[in-house]
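Asks: TrEMBL feature annotations, pasted as is:
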- 33-55: transmembrane segment (TRANSMEM)
- 86-106: transmembrane segment (TRANSMEM)
- 118-140: transmembrane segment (TRANSMEM)
- 152-172: transmembrane segment (TRANSMEM)
- 193-217: transmembrane segment (TRANSMEM)
- 223-244: transmembrane segment (TRANSMEM)
- 256-275: transmembrane segment (TRANSMEM)
- 308-326: transmembrane segment (TRANSMEM)
Amino acid sequence: CLTFQLACCCGTAACSLCCKCCPKIKQSTSTRFMYALYFILVTIICCVMMSTTVANEMKTHIPFYEQMCKGIQAGEMCEKLVGYSAVYKVCFGMSCFFFLFFLFTIKINSSKSCRAYIHNGFWLFKLILLAAMCSGAFFIPDQDTFLNAWRYVGATGGFLFIAIQLILLVEFTHKWNKNWTAGANHKQMWNGLLALVTLILYSIAVAALVLMALFYTRSEGCMYNKVLIGVNGGLCLFVSLVAISPCVQNRQPHSGLLQSGVISCYVMYLTFSALSSKPPETILDESNQNITICVPEFSQGLHRDENLVTGLGTTILFGCILYSCLTSTTRASSEALRGIYATPETEVSSC
């Protein structure tokens, strides 16, 4: 029994004794799931660190809180363990962990090799390594220089993440459009469904554009918001025209408005995220008093509710990461990242 437990925690053996009710999955899928689970665990810890409500509750309900904070050298009220700086340090340790295994798995051609065996197992040791890296980031000397440099790294990584997600969305919608177009050869219902979904996507994108222009702009001021909404709306229109242009249709017969509709909705979401994250502008009114502009009046209460903002952002982040980890690591997706699409004759469909 002890050998079995060690195999479950440290090796690649499946814990079939405890998980008989779970469906059978491939080893690659279980590996991606475990890495995604590690990511979600660290992200939840970061959300707790960012939440002022949790910090206040800990101060109130944990006995000897000040003595404990001084004992672990985290400040008088554990101020080193909360706030954005603590989140940056934890995320730095997590990034080092995943980057280490990215380097470790380069040029692995077989799941039976020694490196693949380590990559697909030893989850207890990996959890200990992840915890050690996240904790070790708090002992980096010259914290101010580290945080300033890590901001630029985070911005670059965020840009690359958005670019990769856009490419994978196009690849996913390409398959979607291809399958429904093929079904239309047997039943015209698929053509109607394709048109309906495309109409719904564009309706959502146009409605989002109008609402953002209505609530985040005004006749005077808000120039940044106006430029952002106008440029992104124009780019969505440009992408839609490119998707149905003859040169694109000749190269990719399955391209259409469905792909551009999905991308338009995603771009509208990114635009809304940027507008809601932007600091509000203030101007003087007729009474020489500062008033806030360029934000919806009904959202000013929600803007101060950090728990709601954290919850919504975390939910969207989890959805993106799980989709990217569990469904986007396919051969077709890898080829899509390099701009390679299989022809209809050679493309192999999957479940």
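Each residue's number is its place along the chain shown, starting with 1.
Glycine residues also receive a Cβ, built from the backbone N, Cα and C atoms like all the rest.
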Asks: Which range wins on Cβ pairs under 8 Å with the transmembrane segment (193-217): 152-172, 223-244, 256-275?
Replies: 256-275
Asks: At a threshold of under 8 Å on Cβ distances, which of 33-55, 86-106, 223-244, 256-275 pairs most often with the transmembrane segment (152-172)?
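Replies: Of the candidates 33-55, 86-106, 223-244, 256-275, 256-275 scores highest.
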Asks: Residues of the same chain, at least six outside the transmembrane segment (223-244), with any C-beta under 8 angstroms of its C-beta?
Replies: 205, 209, 212-213, 216-217, 255-257, 259-261, 263-264, 267-268, 270-271, 274-275, 278, 294
Asks: Do any residues of this chain, six or more beyond the ends of the transmembrane segment (86-106), have a C-beta under 8 angstroms from a C-beta of it, and if so which?
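Replies: For the transmembrane segment (86-106), the list is 35, 38-39, 42, 45-46, 49-50, 80, 115-116, 118-119, 126, 129-130, 133-138, 140, 146-147, 150-151, 154, 157.
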